Amino acid sequence: MDTKVGSINVVASPNADVGCLPSHGVVSSVQTSTVPISFSEATLGRHLARRLVQIGVSDVFSVPGDFNLTLLDHLITEPGLNLVGCCNELNAGYAADGYARSRGVGACVVTFTVGGLSVINAIAGAYSENLPVICIVGGPNSNDYGTNRILHHTIGLPDFSQEHRCFQTITCFQAVVNDLEYAHELIDTAVSTALKESKPVYISISCNLPAIPHPTFTHDPVPFCLSPKLSNHMGLEAAIEAAAEFLNKSVKPVMVAGPKLRVAKASNAFVELADSCGYPVAVMPSAKGMIPEHHPHFIGTYWGAVSTAFCAEIVESSDAYLFAGPIFNDYSSVGYSLLLKKDKAIILQPDRVIIGNGPTFGCVLMKDFLLGLSKRLRKNTTAYENYHRIYVPEGHPLKSAPKEALRVNVLFQHIQNMLSGDTAVIAETGDSWFNCQKLKLPKGCGYEFQMQYGSIGWSVGATLGYAQAATDKRVIACIGDGSFQVTAQDISTMIRCGQNTIIFLINNGGYTIEVEIHDGPYNVIKNWNYTGLVDAIHNGEGKCWTSKVLCEEELVVAIEKATGEKKDCLCFIEVVVHKDDTSKELLEWGSRVSAANSRPPNPQ
C-alpha cells in the first residue's frame with residue numbers, strides 16, 4: 001500500500017482516452033474543461049469537483065456530517081455534478097460500487113470516522129471486486145493536527161489517524177489533505193491511482209480547506225490523462241509463442257472468462273480470440289455479463305459441480321484450458337472441488353501469463369496477449385462439436401395449478417422473459433446468485449453481482465448506484481428478504497431520484513443460503529410487511545408502486561403492470577415462496593462449501 005505523495009504520470013492526448021469497454025463499466029474518457037476559472041472559484045472543493053466530472057463521475061453519493069458540509073457546498077456548485085443523498089454511509093458506499101460497475105468509476109462523500117468507519121465495509125467490497133471508488137471524507141480542521149485536542153466523532157483519543165489506518169488495507173492510495181500547498185498533487189495522485197489500479201482510494205480533506213482559493217487550482221484547462229500501461233514487447237512475443245505452441249498441439253481446448261477481464265479491459269480481445277480460434281467459451285460465475293452470451297460458441301457458466309448443464313463436462317475433460325482473469329476462491333471453486341489440472345491450464349492475469357507447470361511471463365498485458373494470440377492459433381472446434389453432440393435443451397418448470405403457491409423456478413422463468421438489451425440484472429448474495437446465473441442474457445443486457453466479498457445487503461445500494469449511472473437501462477434486482485432487511489432504507493433514495501427499477505423481493509422467511517451451508521434457528525428472520533414498508537417510505541412522494549404476489553397468476557399481472565402502466569415507476573414486487581424452495585445448485589453448492597468450512601485441523 002502506498003501512502004506517499006507520488007508523481008502523476010500524464011501525457012497530452014488529443015482525445016484523452018483512458019482505454020475502455022464502455023459496456024463493461026470502464027472509464028471511456030477523461031474530459032477536460034475549457035471554461036476559464038476565476039480565482040474565487042479556484043478552491044480546493046471546486047478542484048476536486050472538477051476532477052470528478054473530468055473522469056466521468058456525474059453523481060456522488062453522500063451522507064452529510066459537520067466535517068464535510070463545506071465540501072458538499074462546493075460539490076453541488078459544480079456544473080455537471082449531482083449530489084445524491086443516501087440514508088446511511090454503507091449504502092452510499094454500495095451505491096458508489098454499483099455506479100462504478102456501470103460508469104467505470106464511482107465516488108462517495110462521508111464525514112470523519114463515524115462516517116468513514118461506517119462506509120468501510122462497502123469500500124472493502126469494492127476493493128475485492130477491483131472497482132475504482134473514490135471515498136472522500138471530511139476531516140478535522142487543519143489546525144487540530146499535531147495538537148492534543150480530543151474531537152467529537154472519534155474514539156476519544158487525540159490521535160486522528162485511526163480512520164486513515166483502517167483504510168490502508170482496503171484502498172490502493174490514501175491522501176490526507178490538511179495543507180493547501182500539497183492538495184492538488186495529493187488529489188490528482190489519488191484519482192489517477194484509482195483509475196490505474198482499478199481499486200478504491202481514500203481522500204480526507206480538512207473541513208476548513210474546501211472554500212479557500214489557491215494558485216495551484218487556477219490553471220485551466222488542465223490535461224488529466226493517464227499514460228497507458230504497456231507490455232514488455234519481448235515478454236509478450238515469448239508468451240504468445242509459448243501459449244500458441246501449448247494450445248495448437250492440444251486436441252480439444254476451451255476458453256473460460258474470469259472476473260478480472262474487467263480490470264484488464266480485455267473483454268473485446270477475449271471475444272476476438274474466441275471468434276478466431278473456434279474454441280467453446282464459458283464464463284466463471286463472477287464474469288457473467290462480461291462477454292456476450294449470444295456468441296455462437298458460448299456454452300454457459302463454469303462453476304464446477306453447479307455449472308450450466310454440460311459446461312463442466314466439456315471444460316474439465318479438455319486437454320487444455322485458457323482461463324482469462326480467474327479468481328479461484330472457495331465459493332467459485334465450490335469448496336475447492338474443481339476437477340482442473342494445473343499442467344493443462346494457461347492462466348492469464350491482467351499483467352501476467354502462466355503456462356501450465358512451465359514458464360511465467362510478467363509485464364504482459366492481457367489485452368495485448370489475447371489479441372496477439374488470436375493471430376497465432378489454428379482453428380479448432382473439436383470441443384465445441386463435442387458439446388453440441390451431448391447438449392440436451394433445458395426443460396421448463398412444471399405448469400402451475402390454478403392458484404398454486406408460487407415456485408422460485410416459475411418466477412425466474414418470467415424474469416427471463418423480461419430481459420432485453422435495455423435491461424440489467426442485479427443479483428443479491430444468496431439463492432439469487434444461482435437462479436440469476438441460469439438466466440440467458442440477451443445482447444446488451446447488463447449483469448452484476450458481488451461474488452468475491454458476498455456481503456448481504458449489497459444489492460440495494462448497488463442497484464441505486466447502477467441505475468443512477470445506467471440511465472439507458474431498466475434495472476431488475478433480485479433480492480432476498482434477509483439481505484433486504486440489512487439495507488432497505490435507500491429504497492427512499494431510489495424514489496427521490498426518480499428511478500424505475502423493478503425489485504423482486506423474494507420472501508422465504510430467512511437466510512436461505514446460510515441454511516444450506518449450516519442450518520440453525522439464527523437463520524430464521526422476523527417477517528416484515530415488505531410492501532407496506534415500501535409504501536410507508538414512498539409516503540405519496542415520487543413514483544412508486546408495490547405488489548405482493550403468492551401465485552403465478554398474480555405474478556403475471558404484476559409484471560404486466562410493472563412493464564406497462566407503471567413503467568416509469570419504481571416497482572417493488574414482493575414474491576412469497578416456501579422457505580425450502582431453493583435451486584438445486586444451491587443445495588449442491590451449500591453442501592460442498594459446508595464440507596470445506598468444517599474440515600478438521602491438520603494434525604500438528
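Each Cβ is built from the backbone N, Cα and C atoms, and glycine gets one as well.
Curation does not apply to TrEMBL; its annotations are automatic.
Quick look at what TrEMBL annotates:
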- Asp481, Asn508, Gly510: Mg(2+) binding site (BINDING)
- 43-148: domain 'Thiamine pyrophosphate enzyme N-terminal TPP-binding' (DOMAIN)
- 240-357: domain 'Thiamine pyrophosphate enzyme central' (DOMAIN)
- 450-573: domain 'Thiamine pyrophosphate enzyme TPP-binding' (DOMAIN)
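Distribution of TrEMBL features across the structure.
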residue: Asp481; record: Mg(2+) binding site; Cβ neighbours (10 Å): 25
residue: Asn508; record: Mg(2+) binding site; Cβ neighbours (10 Å): 22
residue: Gly510; record: Mg(2+) binding site; Cβ neighbours (10 Å): 20
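For the domain 'Thiamine pyrophosphate enzyme TPP-binding' (450-573), the mean pLDDT of the prediction comes to 96. DSSP assignment over the domain 'Thiamine pyrophosphate enzyme TPP-binding' (450-573) gives 58 helix, 26 strand, 40 coil.
In the domain 'Thiamine pyrophosphate enzyme central' (240-357), helix, strand and coil residues by DSSP number 39 helix, 24 strand, 55 coil. In sequence order, Gly480, Gly482, Ile506, Asn507, Gly509, Tyr511, Thr512, Ile525, Lys579 are the same-chain residues whose CB sits within 8 A of the CB centroid of Asp481, Asn508, Gly510, the residues recorded for Mg(2+) being left out.
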